[in-house]
Structure formats: structure tokens, C-alpha cells
Amino acid sequence: MKSQFEVYLRLKPSNKSQSQNAMQYQIYQNKKLQVLLPKHVKFGLINNSRDNLDFNFTHVFDQKSSQEHVFTNVTTPVINSFLDGYNATIFAYGQTGSGKTYTMSGAETWQLRGIIPRTLSYIFDEIDKRNKFEYKIYISFMEIYNENAYDLLEKKHLETPLEQWNKIALYEDDQNNIHLKNLSIHQCNNEQEGIDLLMMGNFIRQVSSTPMNQSSSRSHCIFTVTLEGYDTTSETCFVSKLHLVDLAGSERISKSQVEGNLLNEAKYINLSLTYLEQVIIALNERMKGANRQHIPYRNSLMTTLLKDSLGGNCKTVMIATISSENDNIEESLSTLRFSQRVGQLENEIRRNEKVDLEAVVKRLEQEKLVLIRELEQYQRGGASTSSNKKIQSQQQNLLPQSNGTPISQKDIQEKVELYLNERIPMLDVKSIEETQKCFEAMKDLYNTRMKEYVTELTFISEKLQKYDEILTRKKEQSSFLEQKENSSPEAEIYRRNESPQITFKKRANQ
Ligand SMILES: Nc1ncnc2c1ncn2[C@@H]1O[C@H](COP(=O)(O)OP(=O)(O)OP(=O)(O)O)[C@@H](O)[C@H]1O
């Protein structure tokens, strides 16, 4: 199924009035932003012969849009699809200070919480309503900083400096699936546990200030919710992933006026966002029919990690955030242009469903038990089976009722059949000859039934043998997988998924 990327725009409220250098713009039908270009400014990237530029979006959120409004519009359809078994990604893109973290995580108060905490509440509320499935939810949270990825949910990181953290290692299997080492995955049973993990990750997240924004974060963050859903009515299950991504600021180095170590960081950020742009351009070209086999995902860690979100099996949504001040117009236009390219992309998505091996094995074992019992019963002797007993008793009840006109052999056979099937209580026989015919018909029917019974038992025995073979094969396979899993680094990570001790309680009644 094709899934077009959805691109939303959110404008950060400005402290300045229109006359104080605010960006001049119009929003049309909540879908189009028209930026009126200031005449007096000479921008290298702007065509000065034009006085306005139009940009189209799935929805434009103006400066007054609340966190709840943004969440309901952007996220609910995406999470519903995630809960149905589809992968999904929501990423925020924009210059430093334009509101990415505000949109994704939120601000200090519970009312101002962002998409991630609201997503957690929504997921747990929804799964309570979906009785057909049993769910397991896992959370991981990582940060990409200077082209290295780190686990934000590793308790040790609370006490150790970044230089001593283990880097997350990536490796690819034969099917080009990316696996991660040194990333803890935490099973999460309720909203509060999820929020505690988010708060802990945000707490651990490295923050250092640039001259541009005191709380600027120079890392990309990926909060991932993995959902395992077991269908209780069939033998299927699914695993879907939801990535909630807060990218680092997209501004150019000259703008952030950084030096030394910060300059180095800015270069990495710029580079990874340039690579992200290159991936988007390559995907765009391929969509427009260009012969582009190679998409440069591997150029950066972020694009490698988000490979599936950008050009694979994933429903992807981007939230572009811009400041509404003229000082930042160059960066805003760059974000707006980037978002238009992203909006042209589409992914091919499919439900990540597979057969639930455990449920199949369980069913086969139960069926096997029933079959063994039946077979044993048959082997103890045909005369003792329930159907034989029934036929014997029916024979004893066969008595002629009265004399009269002889009926045909066909009619007698039909009547005997009806009688044996307990559709009529008695056989109305009118002569000795008819009685004999009745006995003949009964003998024939009895023999046919016995033949059918033998055939069925032969079929059952064959089926039983086949199931036995499948079971043995499946058991061999799962013990092989178990061995493989036990020796893999992820298994080690899974085993170490105790919840961190830090707890952050959400405020009541808010
Ligand atoms: N829509 C908004 N409404 C109210 N305040 C906002 C909004 N967007 C951002 N802010 C405020 O602006 C400041 C900067 O926002 P934020 O930290 O989210 O920017 P950012 O894009 O994540 O920056 P960085 O790239 O440094 O992570 C914060 O104090 C935030 O609370």
C-alpha cells in the first residue's frame, strides 16, 4: 500500500509585533503558507524578483495552536496505524529554537506536554479497548551526537561523562536489516512507566549552550516504541515500530556563530542534515523516474538508522517548525523548501504480520492429543465405540408396525436412513418381506458407515503423523533460534531491561 509522506508546519509564537521585524505571511485554508519576502533584504537563496513564495502542507499550525491540537491532528491517525501493525515515524525538523523539542517532548508543565508523552497515553488507552489482541510494549531512547549514537536509558549514564558511554554499534544482517548493539530495550506496562523512561532519557540527554540558544540541543534523538500484538482469535502476531524523532537544529554554521568544540559539533549536525537532504533528493529523483539505484543512506548514522522511515516500509510524517521572525527568515525558507521535497515522497507500507509460532505449536499439540485419544478408542475395538453402540441400539428398536401395501426398496432405504439418523422414531413395516428389506438396508448402511469410519481413522492417523513431523521440525527450529538469540548481543540487551530507578510522576488533574 502506498503511503504519501505527510508534512505539517508549525509556527512558533513570536514575541515581536508585526512592526518589530516579524515575518510577513498568510495562511490559506490551514494548508498553504504564503511568505511575503521583505524587499530590502538581499538573500543569496531568494529570488529577489519575487515578492512572495507559496508552500503547501497537510496542515499549517499557526502560532496559537495548542499542543493538544497538534497532537490530535498529526499523531492520532499515525498511532492508530501503528497499533494496527504498521511502522511509523514522526520527525520534527527546523532550526534551533523553532520548537522541535517543544512539539515532540513538550515544556515544563503537564498541560504543555508534547507528542511523545501524549502518544504514550494514547497507546495505553487504545490497547485497553482492543480486546482482540494481547500487547507487549517496549521502549528505547537514543541520541546521535557527533556521528555517534548513545543509549539515553542506560542508568550508568547518569553518573558518567559522555566520553565513557558505550557507543551504540550497528550491524546489518543478510537481509539488510539493521541491528543495534548497546541499546537497552525496556518493557513498559503502563503510561507512567513510559513517561518515567522519557523523563530519564531527556534528563540524560546531553545539553550544552551555543550563543544562539541557551538550551540548544545539538543532537538528534530517537524515541522508539516497539509494539508486539498477539491476535487472540487467530495464530498471527505483528511487530510494529514507532520512531519519534527530534532532530538537531538545521541552521547553518555561520548563523550559530560557534567556535572550537561547538564548531565541530555544528559541522557534524550540518553534515548529517545535509546527508538527510541528499537522501530525500535521491528518493525524489527515483520517484520521478530517474534511474537511481543507490540511495546514500549509509553516509550518516541518522540516515542509516532511519532508512526504513525514509524510503521503506513506514508511514512517515514530518513536522517542520519555523520561527516567525524576519531575523530567521533565511533558515525558515530553507526549512520550508526542505519540507516541500519531503512532502513529495511516498513509502510502500505493509502490515508486519506473521504466524505466531507458539500459538501454532500449542494448537497442534492439543489437536494431537484429541487424535491420539480417538485412535486409542478405535484400537480398543470398533464394538466399543460410540457410533457402534448407537447402531446396535437402533437395531434393537427396529420393529414392524403394521401390514399394508408393499413399499419400494428405495423408499425402505430412505426410511431406514431417516430412522438411523433419529429423524423418525419408528419404522412402519407392513410385511415380512419389508422387514427383511429393512434389515438388508440396515446392514448396507452399517457397512457403509463402518467403511467411512475406517477411512476417517486412516486419514486421522496420517494427519497425526504429519503433525508429528511438523512439530518436531518446528521444535528443532525454535531451539535453533533460541540458541542463536542467546548468543546475540540483543539478547543480552533484552535481559538487562530493568526499569530505571528515577520516577517522574505526572501531575494529577491536569
Ligand atoms: N509553539 C510554541 N509555543 C510556545 N513556546 C514555544 C513553542 N515552540 C517553542 N517554544 C519555546 O521556545 C523555546 C525553544 O523551543 P525548543 O527548545 O522546542 O526548540 P528546538 O527547535 O527544539 O531547539 P533545538 O534545536 O535547540 O533543540 C522553548 O523555550 C520553548 O518552550
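Backbone N, Cα and C define each Cβ position, glycine as well.
What TrEMBL lists as domain 'Kinesin motor' is 4-345.
Other Cβ atoms within 10 Å of the Cβ of Lys100 (ATP binding site) number 28 in total over all chains. The feature ATP binding site is assigned by TrEMBL to Gly94, Gln95, Thr96, Gly97, Ser98, Gly99, Lys100, Thr101.
If you look up TrEMBL, you'll see 347-381 marked as coiled coil.
Among the features that TrEMBL reports, region 'Disordered' is placed at 382-407 (among others).
Feature annotation from TrEMBL assigns compositional bias 'Low complexity' to 384-403.
Sequence annotations record features per position, and here TrEMBL assigns region 'Disordered' to 476-510 (among others).
Residues or ranges marked as compositional bias 'Basic and acidic residues' in TrEMBL: 476-498.
Only Thr96, Ser98, Lys100, of the binding-site residues Gln95, Thr96, Ser98, Lys100, place a Cβ under 6 Å from an atom of ligand 1. Other residues of the same chain near the ATP site, with their Cβ within 8 Å of the Cβ centroid of Gly94, Gln95, Thr96, Gly97, Ser98, Gly99, Lys100, Thr101, are Lys12, Ala92, Tyr102, Gly249, Thr321, Ser323.
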